[in-house]
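Undergrad: Can you keep this structure in mind? I'll have questions shortly.
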Amino acid sequence: MAGRNQNRTASLAGIQASGHVHTFGNCTDNDMLEEDAEVYELRSRGKEKVRRSTSRDRLDDIVILTKDIQEGDTLNAVALQYCCTVADIKRVNNLISDQDFFALRSIKIPVKRFSSLTETLHPLKGRQVLHPPPVPYFQEQDTVPANDSPSSSESAGSFLKEVDRDIEQIVKCTDTKKENLNEVVSALTAQQVRFEPDNKSVHRKDPYYGADWGMGWWTAVVIMLIVGIITPVFYLLYYEILAKVDVSHHSTVDSSHLHPGLTPPSHHREMGNAIGPTKGIPVGQQDDHRLYRQDPQARD
């Protein structure tokens, strides 16, 4: 037990020397025994290292500019003018409240190293001294365009003249004065038709659809008329003509039976060939038969 207590006291003394464990006067040996004597030193992990490195990089990227405070300047106005936050200005100038700003003659402003402000003001490399020579921002801003004022004014004047010419041409091209409403409507419709091809893409019609064999609606209508009207009409006419021919044939046959003296042209042909019209009897014998039929009483 004595050796174990000596080892624990030695380890605790080493820990106290490192500054990680604080002992209190009320602590006893029993309390120290209950607690875990093995205490390890915590090391910073990757995220904390990255945070520290990023914070250092941010501090290195910041450049401090000084500006003389003039009448009408406020803390918010300076922050808006130099694109920074009020908290950053307070932190750099050790300001507790906004009222402390009015007690200063010059103010330090944190600005990023690579920005438009650093390019225009030409600050010193790195951080400046606590009291550097003041840089008149407004005077330099006035002097920079003063060197190029003639060329800039000439270019601006020429640009404005060109704009005026373009406006005059547009006004001449678009004459809005119309005498009648019809002219207004025609002008608006012409403009609408002019702008329609730009907005709408022209879809090319495919002449072959597959199901209708590439036929249009008018060809379908013509086919329906032919099938539904013209074909039945021709059919009826054909059968009417056939019926008339049959009726005329039957009428000629009936007339030949009713009037035996009238011989049809076929009988005349048979007589010309010396053949009887009925049973192939010669003409002389036919006369004898006629005489026999005409005088039956004479024979009696």
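Cβ atoms are placed via backbone N, Cα and C, with glycine included.
Note that this is a predicted model, so its numbers are computed, not measured.
So Swiss-Prot lists these for the protein:
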type     : residues : note
CARBOHYD : ASN7     : N-linked glycosylation site
CARBOHYD : ASN26    : N-linked glycosylation site
MOD_RES  : SER55    : phosphoserine
DOMAIN   : 65-109   : domain 'LysM'
REGION   : 136-157  : region 'Disordered'
CARBOHYD : ASN199   : N-linked glycosylation site
TOPO_DOM : 238-300  : topological domain 'Cytoplasmic'
REGION   : 253-300  : region 'Disordered'
COMPBIAS : 286-300  : compositional bias 'Basic and acidic residues'
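Each of these features: where is it, how hidden is it, and who are its neighbours?
TA: Helix, strand and coil counts under DSSP for the domain 'LysM' (65-109) come to 21 helix, 8 strand, 16 coil.
Looking at the topological domain 'Cytoplasmic' (238-300) alone, the prediction's average pLDDT is 58.
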